[in-house]
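These come from TrEMBL:
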- 45-139: domain 'Ig-like' (DOMAIN)
- 144-240: domain 'Ig-like' (DOMAIN)
- 246-327: domain 'Ig-like' (DOMAIN)
- 332-412: domain 'Ig-like' (DOMAIN)
- 416-512: domain 'Ig-like' (DOMAIN)
- 1-23: signal peptide (SIGNAL)
- 529-553: transmembrane segment (TRANSMEM)
Amino acid sequence: MLTTHGLDLLLLCLSELGLPGRGCCLVLGFMYKEKYRRMTEGQASSFTQQPQDQVVIAGQPVTLLCAIPEYNGIVLWIKDGLALGVGRDLSSYPRYLVVGDHLSGEHHLKILRADLQDDAVYECQAIQAAIRSRPARLTVLVPPDDPVIMGGPIISLRAGDPLNLTCHADNAKPAASIIWMRNGEVINGATYSKTLLRDGKRESIMSTLFIAPSDIENGESIVCRATNKAIPSGKETSVTIDIQHPPLVNLSVEPQPVLEDNTVKFHCSAKANPAVTQYRWAKKGQVIKEASGDFYETIVDHTFFFEPVSCEVTNALGSTNISRTVDVYFGPRMATEPQSLLVDLGSDAVFNCAWTGNPSLTIVWMKRGSGVVLSNENKLTLKSVRQEDAGKYVCRAVVPRVGAGEREVTLTVNGPPIISSTQTQHALHGQKGQIKCFIRSTPPPDRIAWSWKENVLESGTSGRYTVETVSTDEGVISTLTISNIVRADFQTIYNCTAWNSFGSDTEIIRLKEQGGHRWRGAAGESVPMAVIIGVAVGAGVAFLVLMATIVAFCCARSQRNLKGVVSAKNDIRVEIVHKEPASGRETEEHPTIKQLMVRVSFPSPQTANPAVCGQPSVAWICRWGSGRGGC
């Protein structure tokens with residue numbers, strides 16, 4: 001009885017493998033027999049050799065490997081999803097053979113003479129073992145047909161006419177590459193077009209080469225060579241150029257070099273057969289009416305250095321035109337006017353300033369007010385500009401012993417945001433408090449972020465914290481609102497950072513309790529400062545307290561460079577947060593955030609010294625808090 005799985009395999013055999021109904025039944029019967037045998041013997045088949053991607057040139061043999069040891073079932077070779085035959089019988093494909101030792105499980109597919117039809121994806125399948133090999137791509141390369149130059153083998157043209165050559169190489173896979181050669185050297189400047197043939201695999205290529213009249217010689221040979229991967233040595237053909245005899249012309253200028261506003265003579269000598277019938281002089285395409293014959297005399301200016309004078313000689317076969325410029329010495333003349341620039345901080349600024357002059361001129365770029373030479377080329381490139389790079393720049397050109405000239409341009413550099421907020425702001429314990437960050441930025445900041453401890457908030461609400469941003473005429477105000485302020489909020493360092501497309505700026509802000517400082521007693525309860533002072537006065541140490549206050553004020557001023565100080569009993573935490581340097585502002589040379597824990601023993605009133613800066617603990621804190629050496 002045929003199971004559902006067997007029915008599926010039968011349908012697969014009929015539809016995909018293309019076998020007749022009886023053949024499919026035989027295949028399925030053998031497959032089930034082999035499957036039962038392998039199940040009872042506990043064996044599993046696997047490939048020891050699988051077909052690999054290969055490239056073959058059309059007409060050459062190629063072999064795709066497939067080996068399954070200890071497998072005696074049917075092996076199928078599949079080409080682009082279709083079976084080539086059953087087992088080793090590939091009689092429908094006379095160029096295909098299954099080779100190898102069948103008893104050793106070798107079922108290699110050999111193609112005797114590969115052609116374009118064999119360009120496909122192949123698989124080796126073991127039917128009873130229900131395994132298949134990896135798909136292998138066989139790429140068949142086809143060399144191009146012999147190249148053909150249209151109009152060859154001899155191309156005739158009149159002197160002065162341009163030469164257009166067209167060469168095509170057809171039916172190649174991949175498309176052929178065409179190069180043009182003359183006297184063993186490659187000729188550049190050809191154009192190419194490809195056409196995909198109907199089979200979707202082969203291509204034809206056509207190349208057109210333009211050669212100017214002045215670059216053509218009579219009797220020379222032009223070669224068209226076509227190559228592709230199938231024939232690396234290539235195939236080639238050639239044509240011979242036959243030029244009819246026009247006048248042969250030579251144009252001389254005397255004297256040279258010559259200073260501007262001096263006289264020169266042009267002589268146009270020609271050899272022609274038949275004889276010359278006409279001379280025609282022109283400058284920049286405009287006929288010089290006052291010139292005739294083979295001589296022309298004139299006063300030259302700087303335009304003769306760029307605009308050639310031409311002499312056209314005519315005979316019965318045609319005309320020949322030859323032109324020359326004059327080596328005129330003249331001072332610098334502006335060719336490309338430099339433009340002032342507005343650039344972003346950190347971007348490159350590129351000025352272009354082109355001068356013409358003869359003989360060769362020297363170009364110097366300098367910043368106005370500085371004697372430093374920045375460039376000796378037409379282009380001045382300032383890499384990663386800073387705000388201090390802004391200013392006036394001068395492009396100066398000098399022609400030795402002839403003259404000089406200069407142009408001035410302005411460089412404007414945009415800058416990053418600048419934060420100018422109060423570093424200490426106040427709030428009431430238990431109430432709602434606000435910390436404001438004022439930012440000046442052009443263009444407006446793209447992003448503003450508040451950070452404290454391990455928190456970062458750009459907008460909206462997170463727990464007790466809310467960030468709101470308002471734009472004003474003077475800048476942007478970002479406000480961090482803290483609800484129900486607790487004691488820990490006064491010991492937290494708040495970081496406001498703003499970014500725009502030119503950079504960023506950061507400000508460290510402290511939150512201080514409004515209404516005065518409060519000390520904690522031994523039991524952890526708050527004790528008003530007035531009580532402490534009263535006790536001190538009652539103990540008769542008012543003088544020492546006054547001196548200690550002076551020292552504390554001194555150290556507080558020294559510690560203004562510190563970005564945060566958190567105190568807990570006798571431990572002092574010093575958190576130093578340094579901004580990234582911004583152009584045009586003060587820079588700090590500390591690359592990282594450092595935290596320093598310093599154990600301090602506060603002096604008692606009985607041991608206080610009027611020279612309080614000498615106290616080791618206080619002086620140590622002052623030195624760490626100030627870059628200028630303590631109190």
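Even glycines carry a Cβ here, placed using N, Cα and C.
Across the domain 'Ig-like' (332-412), the DSSP tally of helix, strand and coil residues reads 3 helix, 49 strand, 29 coil. Summarised by DSSP class, the composition of the domain 'Ig-like' (246-327) is 4 helix, 46 strand, 32 coil. Along the domain 'Ig-like' (144-240), the predicted structure has mean pLDDT 92.
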